[in-house]
Structure formats: C-alpha cells, structure tokens
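Step one of this worksheet: look at the structure below.
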C-alpha cells in the first residue's frame with residue numbers, strides 16, 4: 001500500500017487499554033491532560049473507558065476510579081479535533097450504557113467479541129448506527145482461530161453494520177506472517193469500502209512490526225498507545241509506530257515529538273508496574289493468554305505463593321479467553337493442590 005497517498009487513521013487507546021496497566025485508576029485530571037496532548041499531536045480518535053469497556057468496573061475486572069461517563073466527558077471537553085471513542089463488550093456493556101457514552105461525547109464505538117463470537121455484536125452495532133456513531137467491529141484473541149474463520153466473523157460484523165473490522169491480537173501472540181494472512185483473508189471477503197484495523201500487543205515485542213505489516217496489507221486504522229500503555233507488555237507504542245511510519249514516508253498526520261513528550265512526561269510516570277516485555281508478559285505472548293489477565297494473575301500468585309508465569313501458562317493451556325478472569329483463582333488453587341497433594345486430600 002502507498003501510505004504516502006492514503007492517510008492512516010491513528011486510534012489511540014492509552015485511556016482505555018492503558019487503564020489495565022494501572023488497574024483502572026486514571027483520575028479525571030489524567031484523562032484531561034492526556035486527551036488534550038493526544039489531540040494536539042493530531043491523532044484521529046482517543047478511546048476512553050474502563051479497560052474492559054463500558055461497565056467493566058466490577059468485582060470481576062476491577063473497580064475504576066471513576067465511571068466511564070465521567071472519563072468520557074472529561075476527554076470530550078478536552079479535545080478540539082479528535083473523536084472520542086469507547087469500547088463495548090456485549091455481556092458487560094449494554095445499549096443503555098452506549099447511549100450514556102454517546103451523550104457524554106463518544107462518537108466511535110468498538111464492539112468487541114471473542115474472535116469466534118461475532119454473532120453477539122449485532123444488537124450493539126445496530127444501535128450504534130442508529131445513534132449515528134462510527135460502528136467498529138473488534139475481534140479479540142484473533143490468534144485463536146484461522147484466517148479464513150476470522151474473515152467469516154468479520155463479514156458477519158460487516159453485515160451487522162460495522163464500517164471497519166479489527167484484527168485484535170489480545171494475547172500479543174501473532175507473528176508477522178500470521179498478521180499478513182489474516183488481513184489477506186479479511187480483504188478477500190469484505191466490501192472494498194469496509195475498513196480494517198490492527199490492534200497489537202507487544203508481548204513478543206512485535207507490536208510495531210505487526211502494525212507495519214498490517215498497513216502493508218492495506219490496513220486502514222492502527223491502534224497504539226503512548227509509551228505502549230496497555231495490558232500485558234502494552235500495545236504498540238504510539239510514538240514508536242509513528243516514528244517508523246514516518247521513516248517509511250507514510251501519511252499519519254501526527255506530530256512525533258509531541259507524542260514523545262506526552263509518553264514520557266504524562267504517561268510513563270503513572271505506571272506502578274513497568275509496561276514492558278519481561279518474564280510475565282513474555283509468558284502471555286508465548287502462551288497466547290489474554291493480556292489483561294496479567295495483573296489479576298500477579299495478585300493470585302502473591303496470595304497463594306505461586307509463580308505468575310505458572311498461572312499464565314496454565315491459563316493458556318486451558319485456552320481461557322477474555323471475560324474469564326474469575327478462572328484465574330481457580331487455576332491458582334488447582335496449581336496449589338498439585339504442589340501440596342497432602343493438603344488436597346484433607347478437603
């Protein structure tokens with residue numbers, strides 16, 4: 001693709017996926033400052049919500065410091081050009097929640113399902129279109145199905161009204177050829193005017209590389225976050241992707257140096273756990289585990305005296321997917337029983 005001619009759509013996810021990295025504790029002031037900086041730097045959209053989307057604030061996923069509506073309103077009041085986006089996972093968020101997000105200023109919604117469950121997105125995509133929102137399909141854990149089956153799910157979202165469908169590497173487990181194959185499969189079945197997007201995670205340090213490959217295959221929208229702020233080892237770092245895109249001569253519309261300043265001055269200082277590739281986050285990518293399981297698994301490991309890596313690898317072996325955070329404690333207890341067979345006999 002000649003991206004010098006085609007403008008890439010840059011979708012920032014610092015204030016949604018990045019919420020996972022700090023257990024959903026962004027203050028309203030953080031949101032205002034980060035949204036304003038992103039707007040000044042020229043991104044096209046800024047996604048805002050609890051890490052698990054609208055109404056994700058719960059015992060299962062972790063309580064947010066504020067409501068989604070409070071965060072969205074703060075961001076909407078802080079931008080002049082960028083659109084405010086949000087994320088909705090059917091079964092967590094409802095059309096009622098989407099209406100409130102719209103009223104607060106959200107104009108883009110990404111309706112997120114597991115990569116084989118696009119059928120549950122219909123109601124929410126329909127409603128988004130009724131509201132006049134940009135309705136986007138978001139196929140999570142895209143490494144867990146074949147390119148052809150993923151394309152079938154993308155086509156389903158298109159028929160439900162999605163104007164763009166994303167390949168979402170929630171586990172940061174896809175290699176570059178696997179990304180290439182998925183985009184080729186999607187392009188083969190989607191209408192020419194239906195856009196595609198790439199949402200990468202950096203667990204195998206391929207977040208930027210996979211995003212570049214996606215663009216080479218005709219991808220229209222790229223998700224990224226300041227300093228990679230996101231679940232697991234984070235997303236494709238926005239400032240790094242923009243630097244790489246600029247060296248390719250691609251048209252991205254962003255101010256690289258403003259992004260670099262925002263990443264280091266506003267976002268990195270908020271990290272209570274470094275967002276990076278390390279023993280635990282590498283295990284996520286290697287085992288193909290949902291990236292937002294990281295902080296939950298670390299808590300369980302500390303509580304039960306286990307290694308986080310062991311919990312993550314077992315979650316991968318069991319093919320757990322987003323939404324099954326409650327199973328992390330079950331897995332930890334099972335591992336504990338294996339380590340202490342005498343104790344298990346006493347139950």
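Glycine too: its Cβ is placed from the backbone N, Cα and C atoms.
The domain 'Pyruvate carboxyltransferase' feature in Swiss-Prot is assigned to 8-260. Positions annotated as substrate binding site by Swiss-Prot, on the basis of sequence analysis: 16, 17, 170, 199, 290. The feature site 'Transition state stabilizer' is assigned by Swiss-Prot to 16. Annotation comment: Swiss-Prot describes 17, 199, 201 as Mn(2+) binding site. Swiss-Prot lists 20 with the feature active site, proton acceptor, giving sequence analysis as the kind of evidence.
Taking the features listed in Swiss-Prot, we show where each one sits on the structure.
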{"residue": "16", "record": "substrate binding site", "Cβ neighbours (10 Å)": "30"}
{"residue": "17", "record": "substrate binding site", "Cβ neighbours (10 Å)": "29"}
{"residue": "20", "record": "active site, proton acceptor", "Cβ neighbours (10 Å)": "27"}
{"residue": "170", "record": "substrate binding site", "Cβ neighbours (10 Å)": "32"}
{"residue": "199", "record": "substrate binding site", "Cβ neighbours (10 Å)": "29"}
{"residue": "201", "record": "Mn(2+) binding site", "Cβ neighbours (10 Å)": "31"}
{"residue": "290", "record": "substrate binding site", "Cβ neighbours (10 Å)": "27"}
Which chain neighbours of the Mn(2+) site, leaving out 17, 199, 201, have a Cβ atom within 8 Å of the mean position of the site's Cβ atoms?
13, 168, 169, 170, 172, 200, 223, 225, 230, 231, 234, 235, 236, 291
For the residue listed as 'active site, proton acceptor': DSSP state (helix, strand, coil)
helix
Non-site residues, in chain order, whose CB comes within 8 A of the mean position of the CB atoms of 16, 17, 170, 199, 290 at substrate:
13, 20, 51, 112, 140, 168, 201, 230, 231, 235, 291, 292
In whole Å, how far does the CA atom of residue 17 (substrate binding site) lie from that of residue 201 (Mn(2+) binding site)?
10
Using the alpha carbons only, what distance in Å do you get between residue 170 (substrate binding site) and residue 201 (Mn(2+) binding site) once rounded?
6
Just how spread out is the substrate site if you go by the largest Cα to Cα distance in Å among 16, 17, 170, 199, 290?
15
Do me a favour and check the Cα-Cα span between residue 199 (substrate binding site) and residue 20 (active site, proton acceptor); whole Å is fine.
15
Give the helix, strand or coil assignment DSSP yields for residue 290 (substrate binding site).
coil
